[in-house]
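Enquirer: The structure's right below; bear with me while I get my questions together.
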Amino acid sequence: MTALSRQIVAVVPAAGVGSRMQADKPKQYLHIHGKTILEHTVGALLTYPPVKYVILAIAEDDPYIRRLPLVRDARIQIVVGGETRAESVLNGLKAIEHPARVQVMVHDAARPCITHEDLDKLLRINDENGAILALPAVDTIKRADKNQQISRTEDRNFIWLAQTPQCFRAEVLCHALERALAQGLNITDEASAMESAGFRPHLVTGRSDNIKVTRPEDLALAEFYLSQRTNRENTNK
């Protein structure tokens, strides 16, 4: 069964509060061009034809999600998120019917600039190891000690910066996350859970504009990238 012969489902963990953003609401609900970041992100997934539906993992006491028009879309399913990203993703995976037949794309709620071209590249990988978008490191990488002094310089030829989406067979990822959480491992993305289970996910070169809005200065950058994309689309019409 090829990746495209499987049902493609997106899971978006959106239960975080984004404390580094220093805003009065979670970062996924900040606005760019009249829409929340979450709406831009989910819109990019819903307009990608292979995606059957999108599962949003939302904080149980989230007061914002029901105000958004996207919740009325029949292709949106909402589940309660967990205390960590891994738990939120796992809750989303458990909501998938027939997971053995599903290829899941897990995507950050605060990455609104994802392109369909990058999604195409991910789906070209068809084995049980799965694949993630990532960028080869271009800066010199320093490893620090506990005093924030340099302990050594890493070989950047082997360093990649992980992005999302991260794409795996839903059933395999579900088992990997359950196992990692049971072992108390520090799981910061889905690939790390797969690695802990013995898999070796593929690295697919992504784009530098697929940024995660994390700090205040990122908001203006995401706004710029989305504006540029809109301008190109209007020019090509």
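Sequential numbering from 1, following the chain as shown.
Here the Cβ of each residue, glycine as well, is placed from N, Cα and C on the backbone.
The feature site 'Transition state stabilizer' is assigned by Swiss-Prot to Arg20, Lys27, with sequence analysis given as support. The site 'Positions MEP for the nucleophilic attack' annotation in Swiss-Prot covers Arg156, Lys212 and is backed by sequence analysis.
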Enquirer: Roughly how many angstrom lie between the C-alpha atoms of Arg156 (site 'Positions MEP for the nucleophilic attack') and Lys212 (site 'Positions MEP for the nucleophilic attack')?
Expert: 21
Enquirer: Out of these recorded sites, Lys27, Arg156, Lys212, which one has the fewest other C-beta atoms within 10 Å of its own C-beta?
Expert: Arg156
Enquirer: Is Lys212 (site 'Positions MEP for the nucleophilic attack') helix, strand or coil when read with DSSP?
Expert: coil
Enquirer: Roughly how many Å lie between the Cα atoms of Lys212 (site 'Positions MEP for the nucleophilic attack') and Lys27 (site 'Transition state stabilizer'), rounded to a whole value?
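Expert: Computed Cα spacing between Lys212 (site 'Positions MEP for the nucleophilic attack') and Lys27 (site 'Transition state stabilizer') is 10 Å.
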